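Trainee: The structure follows.
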Amino acid sequence: MGGYVSLVEPLVVLHTVSTSFFGMALTLVVYSRSLELCGGQSDAAQALSMRFFLFQGIVTTFCALLSIAPLTRLAERRGGRVRLLCPQLGSVLSMGFLLALLLLRLPLEVLYVGAALHGLSGGSPGFWSGVVALASLQSNRGRRTLKLNTVDFCAGAAGVVSGLLSGHVYSLGQSGVALVGTAMFLGTTSILYSTFLLSFPKHPPPSREDLLPLLHRQSTGVQSPRVAVALVMAALVLFDVGMSGAEDVLSLYVLKPPLSWDSVWAGYGSAATQAMYLSSFLGVLVLSPRLGDTTLILLGIVSNCTGMAIMAFATHSWVYFMARGIMMFACVPMPTLKAQLSKILDAQQYGSVFGWLQLALSVGNVVSTAIFTLIYPLTLPWHSGFCFLISSAISYCSIIPVLYLNCRSIRSPYVFISGDE
């Protein structure tokens with residue numbers, strides 16, 4: 001089915017707002033139900049909620065692992081649009097389980113069925129691999145870094161808007177029903193956009209700069225740079241594991257002494273976090289014509305890790321916001337590394353490789369959440385910010401494969417990591 005629009009950004013905005021609304025409703029409903037089960041004891045309810053979300057993440061990730069190969073084969077036969085439609089359908093159906101739980105007072109365990117269904121349809125890894133593949137296909141090598149950073153910026157901006165609105169929508173009518181219903185409406189709208197409006201070229205006409213790596217490999221007899229792909233994926237996973245685990249803990253860290261934030265300050269902190277997408281996008285927009293991709297990636301890693309290390313000693317609110325200011329380029333490495341990965345691959349490999357990448361990131365997220373959830377309580381008696389130092393160290397390790405690949409590209413010109421070609 002042909003499309004009329006080539007912009008993937010509206011789809012990203014619709015899907016992000018939809019899933020953010022659903023995530024807020026899910027968090028509030030699960031915590032409220034946990035409070036009921038624990039007789040109003042807040043600490044026990046938090047522990048029960050964290051256990052639920054950990055198991056839910058494991059179920060979703062395991063089912064996504066089972067679905068990645070069949071979804072890839074289906075996309076090869078039916079076209080790349082399948083990678084966008086299947087995960088969105090699964091997302092809307094999983095929202096229906098939460099709506100049924102609210103209306104029928106079902107037990108929390110029914111949500112595991114929705115999580116499994118979402119995972120079997122491709123889940124978040126399937127959707128975002130489709131988005132990255134489409135954005136890569138619709139941009140040439142010179143503009144790809146900016147394109148993928150634009151997609152990330154749209155997701156971040158949508159997250160800010162949904163965060164500001166979700167609390168108000170949640171309070172309408174029966175608690176959670178209006179928010180879940182709105183999420184399902186937006187999810188359905190994004191499905192219609194993907195089906196009838198969005199164009200998905202199977203074989204886009206390559207530009208001269210897109211053909212250079214392939215022509216060089218053919219002329220020198222060099223095979224597909226699998227080592228380069230593995231190095232980029234390793235850098236992505238290492239950076240994300242350190243970053244995601246610490247951000248999960250940070251949302252709890254600010255609520256206890258010495259910061260002891262209330263809901264207003266927590267909202268300010270959330271806005272500062274989302275603002276990193278804006279500052280990162282502006283950084284790429286201004287610096288990408290002057291700096292190579294490798295320099296941008298290293299700048300982002302240093303920015304994130306330095307700010308997170310300072311966060312370990314945040315005993316006053318101004319230290320927290322100063323650390324967020326230092327992390328202004330923290331969102332640069334992920335989309336820029338994905339852009340580098342697309343420059344190494346042939347266009348036919350985008351869907352499958354990005355699918356496995358997103359799955360690896362999801363597995364890393366689950367592992368990171370489990371590790372930091374275990375470490376954080378153990379460090380509370382002597383230094384509650386110690387886990388942020390661990391996060392910084394893990395994310396700093398992502399510099400190693402980036403630098404190695406850059407040195408390798410100097411020896412083997414067919415691997416373009418500088419972004420200046």
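Cβ coordinates are placed from backbone N, Cα and C, and glycine is handled just like the others.
Here TrEMBL flags 226-421 as domain 'Major facilitator superfamily (MFS) profile'. The transmembrane segment annotation in TrEMBL covers 12-32, 52-72, 84-104, 110-137, 149-170, 176-198, 227-245, 265-287, 294-315, 321-341, 353-376, 382-405.
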Trainee: Excluding the flanking five residues on each side, which residues at least 6 beyond the ends of the transmembrane segment (176-198) place their CB within less than 8 Å of a CB in that stretch?
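Mentor: Non-local partners: 1, 3-8, 10-11, 14-15, 17-19, 21-22, 24-25, 28-29, 81, 84-85, 88-89, 91-92, 95-96, 98-99, 102-103, 134, 166, 169-170.
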Trainee: Give the one range among 12-32, 52-72, 149-170, 265-287, 382-405 whose Cβ atoms make the most pairs under 8 Å with those of the transmembrane segment (294-315).
Mentor: 382-405
Trainee: Could you tell me whether the transmembrane segment (382-405) and the transmembrane segment (265-287) are in contact, taking contact to mean 3+ Cβ pairs under 8 Å with a sequence separation of 6 or more?
Mentor: no
Trainee: Which one, 227-245, 353-376, 382-405, has the most C-beta pairs under 8 Å toward the transmembrane segment (110-137)?
Mentor: 353-376
Trainee: For the transmembrane segment (353-376) against the transmembrane segment (227-245), do we get 3 or more Cβ-Cβ pairs below 8 Å once near-sequence pairs (under 6 apart) are dropped?
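Mentor: Answer yes: the transmembrane segment (353-376) meets the transmembrane segment (227-245) with 3 or more Cβ pairs below 8 Å.
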Trainee: State the non-local partners of the transmembrane segment (382-405) in its own chain: residues 6+ outside its ends, Cβ under 8 Å from one of its Cβ atoms.
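Mentor: 228, 231-232, 234-236, 238-239, 241-243, 245-246, 249-250, 253, 256, 294, 297-298, 301, 304-306, 308-309, 311-314, 333, 337, 372, 375-376, 415, 417.
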Trainee: Counting Cβ pairs under 8 Å to the transmembrane segment (149-170), which of 12-32, 52-72, 227-245, 321-341 comes out on top?
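Mentor: Most contacts with the transmembrane segment (149-170): 12-32.
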Trainee: Quick one: average pLDDT across the domain 'Major facilitator superfamily (MFS) profile' (226-421), no decimals.
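Mentor: That region's mean pLDDT is 80.
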